[in-house]
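Q: Sharing the feature lines straight out of Swiss-Prot:
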- Cys489: heme binding site (BINDING)
- Asn325: N-linked glycosylation site (CARBOHYD)
- Asn360: N-linked glycosylation site (CARBOHYD)
- 38-58: transmembrane segment (TRANSMEM)
- 141-161: transmembrane segment (TRANSMEM)
Amino acid sequence: MFGDTSEVLPVAEGKGSSWPTQRLTMTVAFADGDRTWSFDLFSKLAGLALLSFAALFIQRRLFHPLRKYPGPWLNSLSEIPAAIALASGRQQAYYRRLHSRYATSSGTIVRVAPNELSFVDPNAWQDIYNRKPPHMEKHPVFIGAVAKVGGAVGISMAPLATKDHSRHRRALGYSFATSALVEQQEIILKQVRNLISHLKVFARKEKAIDMTDWYTYTTFDLMGDLVFGQPFGCLDGEGPTEWSRAIIHVFVSGAWEQAIRRVAGVNTWAESVLKKILIPKKVALWRRLHFAKSRETTLKRIKDGQRNHKDLMYFLLKNKEARQNLSDLEIMINMVLLVSAGSETTASTLTAWTYFVCTNRSVHRRLLKEIRGNFKTAEHIVWENTQPDQLPYLEATIHEALRLVPPPASSQQRVVPPGGAVICGERIPEGYAVAVPPVAVTHLDINFADPTGFHPERWLPRDDDDWDEKFAKDKLGASQPFSLGPRACLGKTLAYFELRLILASVLWNFDIDLAHAKETKDLWTMEDDMKYLKGYLTWVKPPLPVRLQEVKREA
């Protein structure tokens with residue numbers, strides 16, 4: 001039993017306060033009788049904690065090197081607000097609100113954490129991600145979805161300051177060269193045609209279909225075939241496989257781990273404990289499944305050698321320098337990264353693009369005219385016929401979809417190198433984290449007119465009939481969906497190739513409309529900080545139900 005007692009102590013006459021002094025005690029029942037424990041120790045600890053907080057407050061608010069940059073006072077004291085924003089999937093909305101709130105006092109810089117600055121000046125892309133050596137490295141706190149395995153890292157974590165990153169990028173670059181992608185075209189077209197054949201079945205049945213699911217099935221099968229030499233089987237199975245279902249959890253788990261490291265530090269006991277407590281077991285299990293399956297399939301594909309299937313591994317194994325530069329474990333880690341990033345991110349763009357086009361009738365009409373006017377048959381929709389100069393309006397709509405829903409949903413932090421760096425004219429001391437938030441930078445009116453509206457015309461030449469003068473001051477360089485510099489997305493060309501082929505094929509074959517327009521618009525609205533879109537490094541997408549009507553053509 002616990003009970004409280006208080007003892008009034010007398011005050012020496014003529015000295016001190018006239019108020020009685022009390023000492024709080026607690027009586028605890030033990031088997032061998034009552035013992036009285038004093039709270040003196042607890043009060044001292046509380047006082048010490050209060051003193052520590054006061055010292056922290058004074059240091060981080062009054063003497064910290066980043067003190068002049070505005071932001072919420074709690075963010076300047078603790079990593080917790082930024083960690084919660086990331087773990088909840090709402091970092092993109094939170095950072096946009098912060099930049100909007102502090103725009104008048106800071107211009108384009110906000111202190112989002114004690115040791116981190118966020119920039120929405122388009123010039124920050126160059127200053128942070130594409131600067132001359134010494135480059136800004138990733139910090140262990142901000143490791144993404146794929147971390148170190150058995151002492152080895154993939155291209156995403158290989159340090160720029162060593163030869164490791166260039167070694168990885170050079171080895172993988174052969175597989176992503178334009179010449180290699182042209183040779184891989186049949187693999188891509190096979191999955192695109194498979195998608196179209198399934199969509200035709202739904203169109204004939206006049207049934208609504210969730211394009212969020214079907215685009216995801218397509219990109220998973222496509223990346224499985226390109227990376228591992230075999231599709232996941234989502235399209236033919238008309239649903240997700242166990243493996244493909246695991247991939248989104250790689251990003252969710254990665255976001256949670258990053259949030260935990262923000263608060264607990266790197267490789268600490270607190271990090272280990274919080275991971276076990278906070279990360280759902282299901283998420284951790286799915287992540288382990290993805291790594292196990294990837295390892296097994298990669299090693300099998302390496303053993304198969306240069307079989308007559310021109311996937312990414314074919315070109316990596318074919319090039320002796322590339323094969324010698326990477327160990328089997330490094331190849332496996334890179335394949336995990338490629339299939340994860342290449343499937344979910346492209347599916348997000350496809351789905352967002354379809355929503356925007358279905359809700360903008362004038363855009364839809366011009367796209368139909370361009371695509372159906374350029375191709376007499378579906379077989380003509382190939383690499384050489386879908387280049388930007390041939391389908392300029394399709395290209396503009398893709399750029400606009402990537403601006404509104406960029407593939408990386410969260411900031412990609414970098415650490416200022418020794419000696420400090422100048423970012424957007426500001427001298428930033430070494431050791432601090434800096435980043436451009438990809439959503440905030442494109443959703444603010446300081447960079448784009450009507451920033452949450454879908455306006456492909458902003459990407460068109462000024463002599464185009466749809467050009468509007470209100471977009472004359474748009475800072476198009478603020479949109480960098482594939483980042484810049486030595487860590488820019490290796491699969492950028494592949495992503496554009498997939499987007500052009502899939503989207504052109506869908507609009508050439510079908511008339512498409514939203515099935516549940518009001519509900520779907522609520523889910524996909526860009527207003528209210530995209531309140532139904534969650535970003536865990538990449539996007540967790542809401543449903544997109546549509547109705548398809550197959551276009552009938554004379555034989």
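Cβ from N, Cα, C; glycine included.
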Q: Just the number: how many Å between the Cα atoms of Asn360 (N-linked glycosylation site) and the residue listed as 'heme binding site'?
A: 30
Q: Just how many other Cβ atoms lie inside 10 Å of the Cβ on Asn360 (N-linked glycosylation site)?
A: 18
Q: Validating a neighbour-count step here. Other CB atoms within 10 A of the CB of Asn325 (N-linked glycosylation site): how many?
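A: By my count, 19.
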Q: Who sits close to Cys489 (heme binding site): which same-chain residues at least 6 apart have their Cβ under 8 Å from its Cβ?
A: Ala341, Pro407, Phe482, Ser483, Ala495
Q: Look up Asn325 (N-linked glycosylation site) in the DSSP assignment and reduce it to helix, strand or coil.
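A: The three-state answer is helix.
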